[in-house]
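K.L.:
First the structure, then my questions, so here it is.
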Amino acid sequence: MAIRVQCECGKKLKARDEMAGRTAPCPDCGRPLTVPHPGPSPAEDDVIGFADAASGADDEAPARPAAPALSRELPGSATSAPSSPSASSPAPAPPRRAAAAVAASPAEGRSSAREFLYLALILALVPLGISVLRPEAKDFEARLETAVEHADAETKARLGALEAREGVGLGDLLEAFPGGKLDASAHLPHSTIVHWIYGAVAAAGFLGLALLLFPGERKVPHHLLLAGLFTATVGIVLLLGFQYAAAATQGVWIRGRGIIVLLFYVVKFIGWSYASASDPGANFWLSFLGYTCGVGLCEELCKALPILSQYFGGNDRMGWRNAALWGLASGAGFGVAEGIMYSSRYYNGISPGEMYVVRFVSCAALHAIWTASVGIAVWRGRDGLRHGQDGASLALAVLKILAVPMILHGLYDTLLKQDMDLYALGVGAASFAWLVLQVERARAGDEEPSPASKPAWA
């Protein structure tokens, strides 16, 4: 005989009679469930441990009432359960919240081809591949020399006037050329807002993709939108603030003990890492260490904040699919914001159109891929985040979650700095492969016996 239990997240489960009164986690959200003591009921097939109630043929029977130990009564609970179902007494309807959760995750959705639509992210790396494989264009200095040589008299006069001024920047130089463009190969003028439109289109595309993924998962569109907006705004500001703080520690040494001194030297090490990453004379390994422990760590941590906040905040209902979707949205938001900043600083008036495609599609997709895999890692390590005994154990748990994406991120940036673009493309492909591995490992866990079928007391 099986005892029916329904979690607040909507998951319907069954347990053996001998598990009555015991507690085990829900296989979907991890929330602890207490198995109620059975009431009078018709004979049912024996069920080993917890199982998904949707998989049995007797799912149409009404759910048994929950025991007082549960925080909420189960749908259809009454003073006394009917001894047998009848046509004159239909099964009571569950609350709307539970019904929505169940309807949003049917078994058919988990077997839909859209479960594998995330594989389309590899297509976003195609522009990067084309850019890497095509013949190398002339560098900026060569183009500037050619542009000055072929400039008309009016342009040369404006350029000459700049030589007499102090504090002349790149923008002033580009504005001296016709249309604010260095030459005809520049896609946009220096002073433009078109790159903001490109960013909005890219953000809408990534949000649309996130909503199409995992059809069996209940998604809240504005939550995904807010995750992306948070990282694109607050996350970027936090990252810049951390970079300034790290730079301020350089050349400063303090003595003492305690957590403050330890944090100071952690920040100082990250500042040294940023300096090593940006040093043009640094060798490969020093640059790799700098990009990994500086850029990779800080950026991946900022992008992971929306997901970490859910688990630190006690949201036990977020499964691996939603964690991956939040990561995708957060990473894409960061990538799009970075693309807007890079366009205004380095691309407008200089770069061809393909550079905007690479930045807003391929680079934003790489950020989304890295953070989606972080999301699944957060889901896997949720127990360590919830039950960390102190700050050190929590820091180690977070570092373990970020480790692989931050190393891939650091290696990708290092290879680009060393002009090893083809190898950097390979790291991008490896990053996608890592995401596939994370997704399919988590999906395989859906098919295995749930943790609830192996209670902690066994």
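Using N, Cα and C of the backbone, Cβ positions are placed for all residues, glycine too.
Keep in mind it's a predicted model, so treat the numbers as computed, not measured.
For reference, TrEMBL lists these features for the protein:
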COMPBIAS  10-20  compositional bias 'Basic and acidic residues'
COMPBIAS  63-102  compositional bias 'Low complexity'
REGION    10-102  region 'Disordered'
TRANSMEM  116-133  transmembrane segment
TRANSMEM  193-214  transmembrane segment
TRANSMEM  226-247  transmembrane segment
TRANSMEM  259-277  transmembrane segment
TRANSMEM  323-344  transmembrane segment
TRANSMEM  356-379  transmembrane segment
TRANSMEM  391-408  transmembrane segment
TRANSMEM  420-437  transmembrane segment
K.L.:
Cβ pairs under 8 Å only, please: of the recorded stretches 193-214, 259-277, 323-344, 356-379, 420-437, which one is richest in them relative to the transmembrane segment (226-247)?
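P.N.:
Between the candidates 193-214, 259-277, 323-344, 356-379, 420-437, the best contact partner of the transmembrane segment (226-247) is 323-344.
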K.L.:
Checking distant contacts: for the transmembrane segment (356-379), what same-chain residues at least six beyond its ends satisfy Cβ-Cβ under 8 A?
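P.N.:
The answer is 118, 121, 124-128, 131, 187-188, 195, 198-199, 201-202, 206, 299-300, 303-304, 307-308, 311, 318-320, 323-332, 334-336, 338-339, 342-343, 347, 385, 400-402, 404-405, 408-409, 412, 428, 431-432, 434-435, 438-439, 442.
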K.L.:
Among 193-214, 259-277, 323-344, which stretch has the most Cβ pairs under 8 Å to the transmembrane segment (116-133)?
P.N.:
193-214
K.L.:
So if I exclude everything within five residues of the ends of the transmembrane segment (391-408), which remaining residues of that chain have a CB under 8 angstroms from its CBs? That is, six or more out.
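P.N.:
Residues 259, 292, 296-297, 300-301, 304, 308, 370-371, 373-374, 377-378, 381, 384-385, 427, 430-431, 434.
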